[in-house]
Amino acid sequence: MHSQRRSDTPMAAYQVNPDRSTKPVGIKKICCIGAGYVGGPTSAVIASKNPDIQVTVVDYNRERIEAWQTDDLPIYEPGLLEVVKFARDGNLTKRTPNLFFSTDVDRCIAEAELILLSVNTPTKSLGRGAGHASELSYLESAVRKIGEVAESNKIIVEKSTVPCRAADTLRDVLVATAKPGLHFEILSNPEFLAEGTAIRNLLNPDRILIGSLKTPRGLEAAQALAAVYGAWVDPDRIITINLYSSELAKLAANALLAQRISSVNALSAMCESVGADIDEVSYAIGLDKRIGSRMLKASVGFGGSCFRKDILSLAYIAESLHLFEVADYWRSIVDINEYQKDRFTRRIVRCLYNSLSGKTLAVFGFAYKKDTGDTRETAAITVIDNVLTEGANVRIYDPLVKETQIRHELKNTTARLDCAEKQLTVCESAYEACTGADAVIILTEWDEFSNQGEPVRRDSGHGRKTEERAGRKVDWARVAALMRRPMFVFDGRNIVDAGALEGLGFRVECIGKA
Ligand SMILES: NC(=O)c1ccc[n+]([C@@H]2O[C@H](COP(=O)([O-])OP(=O)(O)OC[C@H]3O[C@@H](n4cnc5c(N)ncnc54)[C@H](O)[C@@H]3O)[C@@H](O)[C@H]2O)c1
């Protein structure tokens, strides 16, 4: 046994004074490029915890930037508005404002010592790798801009999720575009927040991962970033590792999280055939400490902007390394997800006597999960597309997502066709959606759709009518009174007490239950 630490072994990043008085070395101005789901909340928390650092979030999207300057923020996250107001509106809180939002990208880049890259990295839609590889053009253009306008050395932080060795690409672009003599140190600091709980995750992260080159300048840059987080994160949770391990760890984390969901969803198909109950199976396996209970909830399928694209990116990387079996393994997680959405739709059609033509389906929820207004890759897109193709009339209600956004998401599906457009109605309430409906399809696990548990609470800050509806739950007896007979509930999230709904006359179909 030897206790000597290898030089590349992950370690707590740095030591802070017990009184937390350590000041970030040299960092007085941070610029975050990208005012989205990651850039906005992350910058708001950094600013709120580091009153001496000026944090400016920049984006070319003027509408988004203007919304960040109001109380109707462009994204909804529980607790986000309070953190933003605290750091942004110093006049209200007697605190000097240190959080700013701007479209003046050049000026903010030029002034900052540390730049957070939080731009989108979607799946490529054109050319080589289309449908699989990550699109790095947004990152590249942000970095070109840095090279163009920088007059001083900068630390550049990959917060976006990137393929392995993206840092090398960014360095290459900087070397080619920047003024001679300037130094740019690239760090990987992937973001692990989950939408819907972003503020909680940012305030109390499981870990902060900082990947750097193991050169003196790389380690110094990692220390400077660690000190920013050190204002509120325990030093033991700030981990410094190799730059490329950090890039890969983010893709791997998302792949493993999605893999748990696809595993449970694959089991749910078996449950329906053998008379088992997936909630009981998940509970039983989750009690094993080696497995743990989280991310074992069966559903209609995962959505969101990250899981699918990050798994496809990981598989593409494996394939480009000629690791074809590895690529197939990761891709099968996405395949099961598609299968689950399709299987759910087939069940709806089967239960409704093999025809949806002329029938009306009320869809409860369009967001990809509760407590967010994000609809990217939501399972609702596929399910709604499928039932429209079968001829159903679809009446959608989501507490947060606006009609324009729903129609935008559906524009590349059957709904783009004139006939399907007429089949689609976006409703203002669950009751409006249910009027004359043959079935309710629950696609988002919003608390208000469940007939069990506590009343709903939601803070303000985005979307329509959030305050006036807070505390309300769907009255299922009222729903029953509005629907045609026989009436069905297809619970794609397993959030209802099926027995209670059956007592009201519903036929209830849940995921993973016969
Ligand atoms: N959304 C999540 O839950 C989450 C969690 C962890 C990691 N990530 C990763 O973080 C990154 C950002 O994700 P997001 O959900 O915040 O994306 P987003 O689409 O919400 O925001 C990205 C923003 O970047 C802006 N942008 C793009 N290129 C720009 C440029 N050159 N200059 C200025 N602004 C530019 C866009 O206008 C957009 O507003 C992605 O790589 C994603 O995979 C996302």
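Cβ coordinates come from backbone N, Cα and C, glycine included.
TrEMBL annotations: computationally assigned, not manually curated.
Since we're looking at a predicted model, the values are computed, not measured.
Residues or ranges marked as NAD(+) binding site by TrEMBL: 34-39, Asp59, Arg64, 119-123, 160-161, Glu195, 306-309, Arg376. Under DSSP, Asp59 (NAD(+) binding site) is assigned to coil, being neither helix nor strand in the three-state scheme. Non-local neighbourhood of Asp59 (NAD(+) binding site): Ile33, Gly34, Ala35, Gly36, Gly39, Ile65, Phe101, Thr103, Val105, each in the same chain, at least six residues away, with C-beta under 8 Å from its C-beta.
Neighbour density for Cys306 (active site, nucleophile): within 10 A of its CB lie 23 other CB atoms from the protein chains shown. Annotation source TrEMBL lists active site, nucleophile at Cys306.
Computed over the domain 'UDP-glucose/GDP-mannose dehydrogenase C-terminal' (362-498), the whole-number mean pLDDT of the model equals 89. Feature annotation from TrEMBL assigns domain 'UDP-glucose/GDP-mannose dehydrogenase C-terminal' to 362-498.
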Subject >> C-alpha spacing of Cys306 (active site, nucleophile) relative to Thr123 (NAD(+) binding site), in angstrom >> reply: 10
**OP:** Determine, to the nearest whole angstrom, how far the Cα atom of Glu195 (NAD(+) binding site) is from the Cα atom of Cys306 (active site, nucleophile).
**Re:** 11
**OP:** Taking the Cβ of Glu195 (NAD(+) binding site) as the centre, count every other Cβ atom within 10 Å, in any protein chain shown.
**Re:** 24
**OP:** Using DSSP, tally how many residues of the domain 'UDP-glucose/GDP-mannose dehydrogenase C-terminal' (362-498) sit in helix, strand and coil.
**Re:** 50 helix, 19 strand, 68 coil
Subject >> Cβ contacts of Tyr37 (NAD(+) binding site) (under 8 Å, same chain, 6 or more positions away) >> reply: Ile75, Glu195, Ala198, Ser305, Asp374
Original post:
Roughly how many Å separate the Cα of Cys306 (active site, nucleophile) from that of Asn120 (NAD(+) binding site), to the nearest whole number?
Top reply: 10
Subject >> Neighbourhood of ligand 1 - binding-site residues from Tyr37, Thr123, Arg308 with Cβ under 6 Å >> reply: Tyr37
